[in-house]
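Report on the structure given below.
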Amino acid sequence: MRQNNLFSLIFWLVPVSLIIVVSAQLCSEKFGTFTPGGTFDKNRRIILSSLPSEVTAQDGFYNASIGTDPDQLYAMGMCIPGAKQKLCRDCIMDVTRQLIQTCPNQTAAIHWSGGGKTVCMARYYNQPSSRPLDLESVSIGYNVGNLSTNLTDFDRLWERLIAHMVTKASSASIKYLSFDNSRFYAADETNLTNSQMVYALMQCTPDVSPSNCNTCLKQSVDDYVGCCHGKQGGYVYRPSCIFRWDLYPFNGAFDLLTLAPPPSSQLQSPPPVTNKDEKTIHTGTIIGIVIVVAMVIIMALLALGVSVCRSRKKYQAFASETADDITTVGYLQFDIKDIEAATSNFLASNKIGQGGFGEVYKGTLSNGTEVAVKRLSRTSDQGELEFKNEVLLVAKLQHRNLVRLLGFALQGEEKILVFEFVPNKSLDYFLFGSTNPTKKGQLDWTRRYNIIGGITRGLLYLHQDSRLTIIHRDIKASNILLDADMNPKIADFGMARNFRDHQTEDSTGRVVGTFGYMPPEYVAHGQFSTKSDVYSFGVLILEIVSGRKNSSFYQMDGSVCNLVTYVWRLWNTDSSLELVDPAISGSYEKDEVTRCIHIGLLCVQENPVNRPALSTIFQMLTNSSITLNVPQPPGFFFRNRPESDTLRRGLEPDQYNNESVTCSIDNATITTLLGKTLASALCCITSTLFSKSMYRNTED
């Protein structure tokens, strides 16, 4: 048996003393090794790549298994309760990357990260979860500073606090924020003196029993005392539990705590040391102190500089649409032969859809995992840009309402994306694509309302909670996939764009998207922002309520040319419930439906400033007490573009006829350079120019 303990030491200067914060990793060969590139390794990469999104989606703790013997493995990830989702996701993403890079062939490994703004853990192993409690694998560290108070009094208070926390952590169930990952967790603070606090944190993984949690924590406390008694802080990491304490708050674990009542007696601050014989400090002592402090500051500045350079390089690789190097996500790369085997060499019967730049196949990996394989067209120049954009972008996005990228393959002219397989096809299949009423009936109002909420959460993540602000630019029913439980997942990020810090809008000469879903400022001037996605989402909300396509409404008199104009007329005549899909008539909540229609109209207002942000939309949907603004008239702008694929070709807006057609939103007469009937016809035609979805539906 051989074990490699790998520690990342981060030095930082704090007012108390020089602190050593350690992230600990253990690569163990106790249960054997595997062949790099083999089935076990591929399973490991797949399941570890899923942890960042699954841990945040499952309230801070997730465990799962993949594959079959002898290549089956188990994995888990965990963050401390109260951790913000972005911090948790980023922490898990970092530790899983470390596991893949630094444990090349071990069948069991664990990484605890406690050096940032939160604490997280990821591990994998080839033994079932019923394994015995592992107390042998341990990492211990301590603060290099010594306590300057009376140790007898300190030990009494410290032991009282720690004993209380062991009991609390092995039996308590405290809930913080939206996270329910609170089993076997305790974070507490108490007074040592009038001006000094002590902070402590304990946590066990939720898969252990209360007695094992208690045993693990007690052993960790004993190990710390035996190693590091008298120090100003320290930690003990084990595969099933962690223990840390210090004289300052750490990892954001104490942000939500109310100050604990002080113990019955406090330690008194030691009196200042005076010595009549020491009237001056030796010059050598001063020089030594200055040198030490200077070295620490230099080390900190160097670490900061390296971090800034790395983040800049990372951003540049992420932002460039024409970058040739996608090795930043190399651990997601599949061998092209494995993809060919998974799809039976792209057998026609495995084809499940037609994407905007290629075909989509259903495949089964060697470990039994079903996947969706997007094979980009070899003849599409734009497809290569889309491919790079989607790999670099989607690999960094982890959310339960986004389709998860499992990997990619790149060899010669072959450009392939591998996604999680979503079994229930796309939303448009159920809303519009089936003549079978039972299919449409599967989307009752409760499911439709949940779908609206799920899309809201996914877009909110893209706009606000991801590392960069992401504009999807092609939100529509065919790009919303439904999982086995009819939960929505936003797909097709080939057109997505990212914003820099503090950037709120951008413009492009290559307008891409789908007529009827694009806001007027984007079609007319190429301007896009988060409010562009809001407009598209508003149209989609109205489609979900009505069960009809935006382009399916047309009257030759010009009074109605699409769904938005139709809804606006209903709204102004207090008859908005006439919009509701007959398939759900009599089985919906009128207040919820009316509110969704109201929100949809707020989203499609002509002025982007008037459209609500996704965070506001989320509040509107979850808090019925919020009063909604009165919607302003929706915006309509359609150019005379005779070819169905003009938007996909990336031509400049001024290359087209600038004659515009405006649909009537009230009883006023349409006045354009075109005839009234021709204007109405063109309005309808342009609003029906839909781009192809990731999954084209070909069956009922």
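Using the three backbone atoms N, Cα and C, a Cβ is placed for every residue, glycine included.
The feature N-linked glycosylation site is assigned by Swiss-Prot to ASN63 (among others), with sequence analysis given as support. When Cβ atoms from all protein chains are considered, those within 10 Å of ASN63 (N-linked glycosylation site) total 18, not counting its own.
According to Swiss-Prot, the feature N-linked glycosylation site maps to ASN105 (among others), an assignment based on sequence analysis. In sequence order, THR33, PHE34, THR35, PRO36, ASP41 constitute the residues six or more apart from ASN105 (N-linked glycosylation site) in its chain with CB-CB distances below 8 Å.
As annotated by Swiss-Prot, N-linked glycosylation site applies to ASN146 (among others). Taken residue by residue with DSSP, ASN146 (N-linked glycosylation site) is part of a strand.
Annotated N-linked glycosylation site per Swiss-Prot: ASN150 (among others), in sequence order, evidence recorded as sequence analysis. Cβ neighbour count for ASN150 (N-linked glycosylation site) (all protein chains, 10 Å cutoff from its Cβ): 12.
In the three-state DSSP assignment, the secondary structure recorded for ASN191 (N-linked glycosylation site) is strand. Around the Cβ of ASN191 (N-linked glycosylation site), 17 further Cβ atoms fall within 10 Å across all displayed protein chains. Taken from Swiss-Prot, the feature N-linked glycosylation site covers ASN191 (among others).
The phosphoserine annotation in Swiss-Prot covers SER478, and the record cites similarity to another entry as its basis.
In three-state terms derived from DSSP, THR514 (phosphothreonine) belongs to neither a helical nor a strand segment and is classed as coil. The phosphothreonine annotation in Swiss-Prot covers THR514, and the record cites similarity to another entry as its basis.
Regional average pLDDT for the topological domain 'Extracellular' (25-285) in the model is 78. Positions annotated as topological domain 'Extracellular' by Swiss-Prot, on the basis of sequence analysis: 25-285.
Summarising the annotation, Swiss-Prot assigns topological domain 'Cytoplasmic' to 307-700.
Closest to ASN63 (N-linked glycosylation site) by Cα-Cα distance, out of the recorded positions ASN146, ASN150, ASN191, SER478, THR514, is SER478. Nearest Cα neighbour of SER478 (phosphoserine) among the listed recorded positions (ASN146, ASN150, ASN191, THR514): THR514. Between the listed recorded positions, namely ASN146, SER478, THR514, the fewest other CB atoms within 10 angstroms of a CB are found at ASN146. Nearest in space to ASN191 (N-linked glycosylation site), taking C-alpha to C-alpha distance over the recorded positions ASN146, ASN150, THR514, is ASN150.
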